[in-house]
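Feature annotation from TrEMBL assigns transmembrane segment to B:25-46, B:58-79, B:118-137, B:144-164, B:199-223, B:229-249.
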Amino acid sequence: MALVEARQLTKVFRRPDKDPGMRGAVKHLFVRRFVDKTAVDHVDLSIDAGEAVAYVGPNGAGKSTTVKLLSGILQPTSGEVRIDGLSPQKDRIAVSHRIGVLFGQRTQLWWDLPVSESLAVLRDVYGIDHGTYRRRMARFEEVLELGEVLPVLGRKLSLGQRMRADLAAALLHAPPVVYLDEPTIGLDLAVKDRVRQFFRTVRDEGTTVMLTSHDLGDIEGFCRRLVIIDEGRIIFDGDLEAVKDAFARERILNVQTETVVPLEAARAALPGAAIEAGETPLHLGVRFDRFTMTAGHVVSALAPLANLVDFNVDEPSIEDVIRRVYSGELVLQP
Amino acid sequence: MRTIRLYVRLLGAHLRSLLEYESDFWIMMVGTVIMQVVNVVFLAAIFAKVPHINGWSFWAVVAMFALVAIAEGVGSLFFEGMWNLAWQINQGDLDYMMVRPYPIVLQVSSMQIGVNGISNIVTGGLMLGFAIAHLGIDWTVGRIAGGVIVLLSAIAVKVAINLATNSVSFWMQSPSPLFAFAVHQVGDLARFPLSIYPLALKAALGFALPFAFVSFFPVTFVLDTGDAWVGLLTPVVAAYCLAVAWFIFSRGLRRYESAGN
Ligand SMILES: Nc1ncnc2c1ncn2[C@@H]1O[C@H](COP(=O)(O)OP(=O)(O)OP(=O)(O)O)[C@@H](O)[C@H]1O
Ligand SMILES: [Mg+2]
């Protein structure tokens, strides 16, 4: 059985449907109306030990809700979760030793304690012996540069300091499974690099990681598996590199011509490629498949129509692929 | 044992930061002492006019005041965090507690120390001491042991009511524990002998919200007057209240929905 397993996992939130303001609130006391919102919709997911999975989707897709269901914070409306064979809702304490959770949007540090004290409290909560604790702290200090952060009170931390301290807090008990929900949100480039580095060391030690992020830089070179969720439903689950190979095969050649080339003329010259208007009538975009056509071919086909002033080639990144999936322009088949 | 040690650890972590605001600390302490003194002066003023309330002497009522103060003091010194439950539910602050290997209810109640609890316990203790000295109780070993058990149970009743009423916040949207505050106010009625109240109020304080077991019945037990045997039920009532409070809390926890961003 997989280490993390979700079967038909569903969460419906019931929100009071109130008119705004005092009148709405009073009215709601007498006429109770609710709207149901299905945040996670029959999700099947199974993650093996040691996998690093990117869990992406547009805002409100249900990513954080999935993480909360997988960690036992929320009760599923239907369906079930197993972590190492245990239900996080029913065997809460046993599962808590096996998972580490980070919500980038909120801290688990005590606001009135220095970071060192928050971590020491967590050490005692998890029952970590002092030797092991010192060893892990030494590693955090090395990779996360935690030393400068330790004496600072929780409420006085900068965002970058807070995130590094929170990462240490989430991983202090060396859990075999880690959920990172937007762990780089709001970080500057230098800190981002540092924490990404840290993720790689965590993964390389064999920790199973599920990572949620809007910054696809976090997942490239880190996750092999990509899961895309939209409106609560998983719309893709497969190999990240395969997606790139399959969909990043498309190239766009942007050309600038000396005289206007009518779109129809360009299309006639280049069957098999898609021609789009550019920013001025003198610009054209040619979208083609790099396996069936080369940039040289496109250029020589256009040359008889007008003098070419300039051209360049866009290589779509995984980011473009996913953006097109979000917008419904691209349908991935796993 | 580990659970208790860890509780002290969690609570104690806040102590140091509390002591950083030394002036706040003393203001709160003095404020609470003044409030208790005003209570006793008020009581003395009543008894200056009438020698007994419903057959209860001044010192017997002082003992009831004292128990309410002690129970409240223990509640705020050790379990103040319960009063933040509504806020934490509203803000989704239980998320991280739910993924830690320690009872959630204890994580909640240890989130804060109410230092004014110290002065409530001290003034309550003094009041109780004076009352006992004046009441001329015939102390036997049995009565001392019973008295201690009844006192601890009385405190447990108060703490359990705090937990139960604050847990109601799981069903509310409000970020402040309005219901628990209201019930807490009702608890002040238990400072006076139950026998002065009309039947409906007696039933309310004896059964529905058994504040009478925080002060009135424990005092009747120690004084061996009236229905002293009812006082002996205090541990049973405490166990019952704790069970109900725990049930409400666990039920509520299942409704917990965290918070969207
Ligand atoms: N506690 C809650 N109560 C009611 N509705 C909620 C709650 N939490 C989330 N939702 C709703 O469920 C849906 C999914 O939210 P969720 O936070 O899981 O999205 P997400 O994918 O994490 O989005 P984002 O990228 O913005 O973090 C949203 O429509 C959100 O409004
Ligand atoms: Mg989210």
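Positions of Cβ are set from backbone N, Cα and C atoms, glycine also.
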Quiz item: Per the 3+ Cβ pairs under 8 Å rule, pairs at least 6 apart in sequence, do the transmembrane segment (B:58-79) and the transmembrane segment (B:144-164) touch?
Solution: yes
Exercise. Give the one range among B:25-46, B:118-137, B:144-164, B:199-223 whose Cβ atoms make the most pairs under 8 Å with those of the transmembrane segment (B:229-249).
Key: B:144-164
Practice problem: Please figure out which one of B:25-46, B:118-137, B:144-164 racks up the most CB pairs under 8 Å against the transmembrane segment (B:199-223). | Solution: B:144-164
Quiz item: Near the transmembrane segment (B:118-137), which same-chain residues lie under 8 Å Cβ to Cβ, leaving out any that are not at least 6 residues past its ends?
Solution: 28-30, 32-33, 36-37, 40, 57, 59-60, 62-63, 65-70, 72-74, 76-77, 143, 222-224
